[in-house]
């Protein structure tokens, strides 16, 4: 009988290989699955880094000249600090006498705001206020309606009126956050009317109720500022309802306490008080929303994201910004002259692009994303009151950060993907994904790009909008990544050599003594060596390298795995981990879709005497195999 495991590996590998050989009649070079060095602190005075930063400086200046940009801000972060920054030009790009730019000048970050909106969504999900990102938004905000011709087609003729069947209520949170909702691109108002009485929520919803979705949900990516404005509104509504419910519960509790003292006289009064309190809460909230229809959203972002990250120079309201600190954007008129663009608040569109910030504040935001959601001590030092933030060390779970950085849809070019809401680009030269977000609004062009495996981040801002899919971050990454990888690999090699030298110098008797002190019962690698079979013909071979004493295994094929201890404390001597010996030799498939990093469980005989312990079998990939 053929070896089942071996056959499965071989057939799948050949099939994947065949698929990868030709694409669009062009032969592809099959590269190994990329691995990345672990980020550690680097001396920023390294000559290679200084040279890289000089090249980046030159690249930015050349690109500025090519695109008529006179004012530009650039920052690069690594691990938990800004490692390079430079500003070009003046606060007022049309006035050479205005102050020079700094990384503390306010700019409108435009659609980078969407990353904050998305983070709020994940926080509410983690805190249980949203049950699932795949919940329909109608469960939380039934007020929103839009027509869906695809729903009518799928349901047949529908109702007699033909109207009720086309009202779409199936859009989800995840679809809004990943531009998969099928909604139109823009809020149905002239952008100049954002934040005015000519673009209120009632006006927007009345207009949308007469419009249609453009596409089926999840059919393709269609960028939607409307979708994110709606998402922010719904999230704010969830917070508002949660706050009102908490206030009502508190009022009810107080009234119940009063009832205990005045059972007969106060029953009616308590009921009236409950109603009055509920109404007062609603009136107060409505008053705030009437002056700013995204108040609950903006207030939440301020207290639960900006303040905990010590982003104290970021705001949705430009009236909060010192006019002498605002970097001005400019545009080219039809006659070829330049003009400063007037600033404005974004009103209902605020969650899609209304935040003003600084390069220093956005650097703190990048550091947060690059460090698994852990708030840097540098970010937190001036923050004594995190208000409603429930966890001062993490705004979200580490697993949520990983989830938020994952793609939702891969574009057909194979190099571009969209997440919630990161715009991702695969750098073929360096075999690594850039997780980016671009912003364009009111003469500001911004770009944030993260390289999570290397803990590198870039934030660039231009005070002039020009036609480009990327604001220099891809070109800069071509300079940064090779240098950082080289230095990190070099440091890793030096560390491993030092550790090996220390191990060789360590006295063997001290090791044995330490093992005795810890009362550790070690098993010799020799007892695991052998061939393991089962009745179905599956094979698992364990062998040893005599020169190193290390254990290896295979499944009767060419994939060789290193066997290592599962637990360094040796509390589980029967459990081992298997890892591909040299993952750089393989494409990604066997690394992510095979036995790599699996745990295997050996069984021993019942004799507890050390001298007579023998291995009788192993459980691997769900199968039980017995030693022959």
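Every residue gets a Cβ built from N, Cα and C, even glycine.
Checking the ranges 448-470, 471-493, 494-516 against Swiss-Prot, the region 'Disordered' annotation falls on 494-516.
Residues 245-285 are the range that Swiss-Prot records as region 'Disordered', among 204-244, 245-285, 286-326, 327-367. Put simply, of the glycosylation sites 198, 241, 313, 335, the one whose Cα is nearest the Cα of residue 68 (N-linked glycosylation site) is 335. The glycosylation sites considered are 45, 68, 198; of these, 45 has the fewest other C-beta atoms within 10 angstroms of its C-beta. For residue 45 (N-linked glycosylation site) paired with residue 335 (N-linked glycosylation site), the C-alpha to C-alpha distance reads 48 Å.
Working note on the glycosylation sites 241, 313, 335: by count of other C-beta atoms within 10 Å of each C-beta, 313 ranks first. Reduced to three states, the DSSP call for residue 241 (N-linked glycosylation site) is helix. Rounded to a whole number, the C-alpha distance linking residue 241 (N-linked glycosylation site) with residue 335 (N-linked glycosylation site) is 51 angstrom. On the backbone, the CA of residue 313 (N-linked glycosylation site) and the CA of residue 198 (N-linked glycosylation site) stand 29 Å apart. Separating the Cα atoms of residue 198 (N-linked glycosylation site) and residue 335 (N-linked glycosylation site) is a whole-number distance of 30 Å.
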